[in-house]
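Visitor: Mind looking over this structure? Questions follow.
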Amino acid sequence: MLNIVLFGPPGAGKGTQSEKIIAKYNLTHLSTGDLFRKHLGEGTELGKLARKYMDEGKLVPDEVVIDMVDDKIANTPETNGFIFDGFPRTVAQAEALDRLMQRKATKIAGMIALDVAEEVLKERIRERGKTSGRVDDQDENKIETRIKVYLAETLPVASYYEKQGKFAKINGVGSIDGIFEEISNVIDSY
Ligand code: AMP
């Protein structure tokens with residue numbers, strides 16, 4: 001299996017690049033944000049719980065996220081591997097992911113981080129908010145909170161993989177295809 005963590009702040013282009021990666025490498029896309037939005041749309045208990053955090057731009061508690069990922073992995077028996085998008089977002093989640101991978105007798109090949117300056121991120125999120133319908137994309141305070149939460153709680157996850165020699169950073173500003181080529185080069189080196 002080939003398991004990759006695609007990393008970066010909100011608006012870095014993780015969703016866009018994930019689409020291209022899954023098509024080229026035939027992987028399963030596991031976006032915790034997408035999974036939560038699906039639950040929200042279906043009005044499940046999990047969706048209702050997650051909504052309180054999502055609408056504020058805060059992180060959903062680790063155990064809730066980890067259980068949902070566990071479930072998704074368990075229900076995907078036949079796959080070449082996973083591309084994790086928006087997960088792990090805390091060191092506790094990264095540790096849990098290692099355990100989940102071990103249980104499947106596999107591991108994380110590496111983390112690929114998309115580097116984008118804060119002002120560019122904000123502009124991209126505002127643009128996306130015009131069509132995404134996402135409450136968290138349309139309010140300056142919520143955009144600000146998400147970036148703050150990223151810096152305080154999520155950025156340490158990069159060091160977690162760096163310490164294991166599993167970290168690659170790519171410039172996330174440029175053409176979609178150009179960025180994808182850089183990502184492909186990293187993946188092909190695994
Ligand atoms: P995203 O689509 O990845 O930007 O996620 C949207 C929102 O879902 C985030 O702002 C969080 O409230 C929640 N969320 C998604 N993934 C996670 C995660 N791994 N840990 C905690 N909260 C998450």
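From the backbone N, Cα and C atoms, a Cβ is placed for every residue, glycine too.
Automated prediction, rather than curation, is the source of TrEMBL annotations.
On a predicted model such as this, the values are computed, not experimentally measured, just so you know.
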Visitor: According to TrEMBL, Gly11, Ala12, Gly13, Lys14, Gly15, Thr16, Gly174 bind ATP; identify which of Arg51, Arg103, Arg128, Arg134 is listed for that same site.
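Guide: Answer per TrEMBL: Arg128.
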Visitor: May I ask you to find which of Arg124, Arg146 TrEMBL records for the AMP site already listed with Thr32, Arg37, Lys58, Leu59, Val60, Gly86, Phe87, Pro88, Arg89, Gln93, Arg134?
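Guide: Site partner of Thr32, Arg37, Lys58, Leu59, Val60, Gly86, Phe87, Pro88, Arg89, Gln93, Arg134 for AMP, according to TrEMBL: Arg146.
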Visitor: Of all the binding-site residues given, Gly11, Gly13, Gly15, Gly174, which has the fewest Cβ neighbours within 10 Å once its own Cβ is left out?
Guide: Gly174
Visitor: Tally every other Cβ atom lying within 10 Å of the Cβ atom of Thr32 (AMP binding site).
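Guide: Around Thr32 (AMP binding site), other Cβ atoms within 10 Å: 22.
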Visitor: Quick check on the binding-site residues Lys58, Arg89, Arg128: which one has the highest count of other Cβ atoms within 10 Å of its Cβ?
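Guide: Counting every other Cβ within 10 Å of each candidate, the maximum falls on Arg89.
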Visitor: Which one of these binding-site residues, Lys14, Arg134, has the sparsest Cβ neighbourhood, judged by other Cβ atoms within 10 angstroms?
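Guide: Counting other Cβ atoms within 10 Å of each of the binding-site residues Lys14, Arg134 gives the minimum at Arg134.
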Visitor: Enumerate in sequence order the binding-site residues Lys14, Gly15, Phe87 whose Cβ-atom distance to ligand 1 is under 6 angstroms.
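Guide: Checked binding-site residues vs ligand 1; flagged Phe87.
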